[in-house]
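Asks: Structure provided below as structure tokens; questions to follow.
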Amino acid sequence: MAGGVVILLCGWVLASCHGSNLDVEEPIVFREDAASFGQTVVQFGGSRLVVGAPLEAVAVNQTGRLYDCAPATGMCQPIVLRSPLEAVNMSLGLSLVTATNNAQLLACGPTAQRACVKNMYAKGSCLLLGSSLQFIQAVPASMPECPRQEMDIAFLIDGSGSINQRDFAQMKDFVKALMGEFASTSTLFSLMQYSNILKTHFTFTEFKNILDPQSLVDPIVQLQGLTYTATGIRTVMEELFHSKNGSRKSAKKILLVITDGQKYRDPLEYSDVIPAADKAGIIRYAIGVGDAFQEPTALKELNTIGSAPPQDHVFKVGNFAALRSIQRQLQEKIFAIEGTQSRSSSSFQHEMSQEGFSSALTSDGPVLGAVGSFSWSGGAFLYPPNTRPTFINMSQENVDMRDSYLGYSTAVAFWKGVHSLILGAPRHQHTGKVVIFTQEARHWRPKSEVRGTQIGSYFGASLCSVDVDRDGSTDLVLIGAPHYYEQTRGGQVSVFPVPGVRGRWQCEATLHGEQGHPWGRFGVALTVLGDVNGDNLADVAIGAPGEEESRGAVYIFHGASRLEIMPSPSQRVTGSQLSLRLQYFGQSLSGGQDLTQDGLVDLAVGAQGHVLLLRSLPLLKVELSIRFAPMEVAKAVYQCWERTPTVLEAGEATVCLTVHKGSPDLLGNVQGSVRYDLALDPGRLISRAIFDETKNCTLTGRKTLGLGDHCETVKLLLPDCVEDAVSPIILRLNFSLVRDSASPRNLHPVLAVGSQDHITASLPFEKNCKQELLCEGDLGISFNFSGLQVLVVGGSPELTVTVTVWNEGEDSYGTLVKFYYPAGLSYRRVTGTQQPHQYPLRLACEAEPAAQEDLRSSSCSINHPIFREGAKTTFMITFDVSYKAFLGDRLLLRAKASSENNKPDTNKTAFQLELPVKYTVYTLISRQEDSTNHVNFSSSHGGRRQEAAHRYRVNNLSPLKLAVRVNFWVPVLLNGVAVWDVTLSSPAQGVSCVSQMKPPQNPDFLTQIQRRSVLDCSIADCLHFRCDIPSLDIQDELDFILRGNLSFGWVSQTLQEKVLLVSEAEITFDTSVYSQLPGQEAFLRAQVETTLEEYVVYEPIFLVAGSSVGGLLLLALITVVLYKLGFFKRQYKEMLDGKAADPVTAGQADFGCETPPYLVS
């Protein structure tokens, strides 16, 4: 357990706190009950916060209020402003922005409304305030007048005979009612009735000149007749919409056609008149009355009469009484046309612009984002002083920008003396877009643009230009996409370098919030914070108000060299850290100014109903140094030859910290509470030195340090004999600043970027050499094969080599033994032997990468780092021997000893030895089951023969092929009498077989065969077959057959009835090269036995003849005996005679005996 503690203590490294630069212990909190207080916030004038509450109901038709919040008091006061009377419900404070010189503030209310007749327009309005928050002017100076668009509306009513008088009267009432809705406007009316006759009832001039215009409708009488609709449309275009009849050139021209059916016998087609009406800009509304328009052809004709698209310009009602039901709908569409300033009835220009949705103050004047301009394509208005405003957009004809909300966010970039305007369009093509505009020849034109990648991400909803190196030129543009969705986090901010800096405008990095907040809305608010970590680079803050179930969070990202933003946040401040009541913390941000007058920048964060001011912490920069005395550990201290542990003093270490401010502030002599940790030999299992004060390898303390130099001296001890005296003792210092309640203004300092929070110093050992820096080692090496005489590849899986290394010179540093061996061997393990009264043997061996295909090497470090003077060690290194290895007939193993002393090689530092090599094989020969096992014979058959076969199979189960010889011995003669006329069938080509006769080993066959009834080559003359197989491949299988006719004349010499006929086979190979697998030698030989058994043959003719004669004689004898006994005498007559003498008996006998039962009826 003690060793484990040492590991934990000596390997411990304290992480220093560089990251937290904002104070979250004592924030300044501003709270108001006003609706949406904290929706926007801006630092202003270096001493105050201006907070927007855009939804607060200030008075009737007046929404939005600004608050002046003083950090010194923690109180907020409403700012009394006089909003323009015509700016109804403007939501003042929905956007706030200050000038770079803090001299002006622009507060906007983009929902400022104005009612024009029946329409309500949202133009927006802003207030420009001075340095004392006094009103300077409204931007724009006044709300625009209601559009005075003139309209000339002509009625073309159907007077054909298909309409009855009552319906015609209802149609006239509809005309009068519609005319009445446009009373007191600049709208003029005219009316023409058509059938096959066309009649103008009143012109625009007549309508204009009469006091009671509706009296013009009452005298109208129905014409009756056919339906010439197309002709009527052309007549209206040519006559009513003519200046002679009072039609105005500046007025929009609207034609209302009321009909109950299709045209009939009209000489004109619609194709003759509709294109001309479109060209003249006449907006046509077609009203179809009755059931006729249920037919597709009639409906198609009605759609042709109306302008495109039909859903906006064609109406159908079931009867004339229902015309009133569409009156309001038609009226609203016509009013909408009156409210627009375009030729199209379905698009707006600036009527719904919502100027001030975003804003910026530039040297050229205020810039107001106008998201609603041109059907929410968007843009921005620049208001130069004493000049008409300039509208900046992608051009109103750019259909690609429809519903893009360009101007949703606004930022200003400055590069090489040129101002650029950056506008966000988060709904562009549903993925978002950001465009940079620059001024060329007094015209603002798009220079670069970048598009979002995810649908619904709202890419471009927030923008922030960043001057990273604070040289006055914009380096980066941060683009927020707060609704960007990933499975575990929501929102992202893309970092784009300004195009003028690095060419193309493309994303350089992407910033994200913490995992686990898919609805976090990271990036909804962005601000430049200033330098809070002392690296002279601008840092940024990013809000994520949706994190932690909408409690919210703010992230701090530091600027980096090369004009970048660090990809990981340095600090994350959550709303729940500050107060459990906070909601949407981070929905608005403002930074860069010192509002608390401590010389340090502050960050203002808006939440729901709250604004919090977070102060940045003072920075300290610390320089570290360590000095040792003496500068190395003396030999007398660390060497102990008898290994008797003695605690000796190694020296002293003086640790110094020099503290000064990391950035200027107004806090005076800042003091910091420092926690420091000293560790000796960190990372080692066992430290070679300890501190005298703690008696272990670590020392921890805490001190309060002010500005200046601070030093402390510690004593170092060596508690044990030092084996590694080559690498120096490492002393590592780690320290961190911890919070101290006594800090000025309750601000505890943190380390500035670039400040040291750790230092490492080395204390070397004095070398044991005659020359001060160079030791003369004298190494020697030898080895043997641990008693092994022959290496059998495949039989010996391992090769163990016993190695002896000695040093007859001075200390040898980094002693290394390198072994070189063939590729069939591989390093497996090493085992050392410990000698008494010696240092523990330390071995570390490893295989090295192969430099040659057929050569391998391994190296062993001996007693690293020092193999001392006079030392000698013996160890055993074991190699695996591959069963597939081919090593030739001898294995050569070489070894070389070397060190870092750089002494030249000698004949003692290299050694080599050879070992004979054999290869394990596994070949076998076996008998086959289909050999002839048993033969019966009879000596009476004389020279009759029988065929017999002995079958053998040769297999090679070795991992290599080899040349073998197969020998067969077959008995063929016994005492000169033929036994077996045998031949050998060889298996394949390439196998050559020869034969020769071999005399018996023991000619006294009779004695031998009586002892054991076996006929083999020991008593018989044998035929010896010798078959050479030059290459028996791996897994080869060869069959040999000994086949021939057996003779049995020799059997009588054996005096045996049963004899075993035995053939033998044997495999041989070059035993100087190969060795049969141990324990498998029996499979190199085999034999086949055939049992020969004699039987006696009997003649069947004599047996049959004798049996027949004997049977006849026996039959005759039996017959004579029966005759003598009277067996053949008849007694029937005597029986009849006996029955006649007894009538009764005779009658009964007659009936019972003479009459068979089956004849009775």
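Cβ coordinates come from backbone N, Cα and C, glycine included.
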Asks: Between Cys711, Cys721, Cys769, work out which one Swiss-Prot annotates as bonded to Cys656 by a disulfide.
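Replies: It is Cys711, per the disulfide annotation in Swiss-Prot.
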Asks: May I ask you to name which of Asn956, Asn1045 Swiss-Prot has annotated as N-linked glycosylation site?
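Replies: Of the listed residues, Swiss-Prot records N-linked glycosylation site for Asn1045.
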Asks: Labelled motif 'GFFKR motif' by Swiss-Prot, one stretch among 111-115, 196-200, 1126-1130. Can you tell me which?
Replies: 1126-1130
Asks: To which of the binding-site residues Asp467, Asp469, Asp471, Asp475 does the lowest count of other Cβ atoms within 10 Å belong?
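Replies: Result for the binding-site residues Asp467, Asp469, Asp471, Asp475: minimum number of other Cβ atoms within 10 Å at Asp471.
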Asks: Counting each residue once, how many in the repeat 'FG-GAP 4' (393-444) are helix, strand and coil under DSSP?
Replies: 6 helix, 27 strand, 19 coil
Asks: Taking the centroid of the Cβ atoms of Asp467, Asp469, Asp471, Asp475 as the Ca(2+) 1 site, which other residues of that chain lie with their Cβ within 8 Å of it, listed in sequence order?
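Replies: These residues sit around the Ca(2+) 1 site: Val466, Val468, Arg470, Gly472, Ser473, Thr474, Ala538, Leu563.
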Asks: If you count every Cβ pair below 8 Å, which range out of 341-392, 393-444, 445-505, 508-566, 571-631 shares the most with the repeat 'FG-GAP 1' (21-78)?
Replies: 571-631
Asks: Using DSSP reduced to three states, classify Asn784 (N-linked glycosylation site) as helix, strand or coil.
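Replies: Reduced to three states, the DSSP call for Asn784 (N-linked glycosylation site) is strand.
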Asks: How many other Cβ atoms are found within 10 Å of the Cβ atom of Asn734 (N-linked glycosylation site), counting all protein chains shown?
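Replies: Around the Cβ of Asn734 (N-linked glycosylation site), 21 other Cβ atoms lie within 10 Å.
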Asks: Using Cα coordinates, what distance in whole Å links Asp471 (Ca(2+) 1 binding site) and Asn393 (N-linked glycosylation site)?
Replies: 30
Asks: Between Asp469 (Ca(2+) 1 binding site) and Asn734 (N-linked glycosylation site), what C-alpha distance do you get in Å?
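Replies: With the alpha carbons as reference points, the distance is 31 Å.
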Asks: Starting from Asn734 (N-linked glycosylation site), work out which of the recorded positions listed here (Asn61, Asn89, Asp475, Asn907, Asn1045) have their Cα within 10 Å, and give them in sequence order.
Replies: none
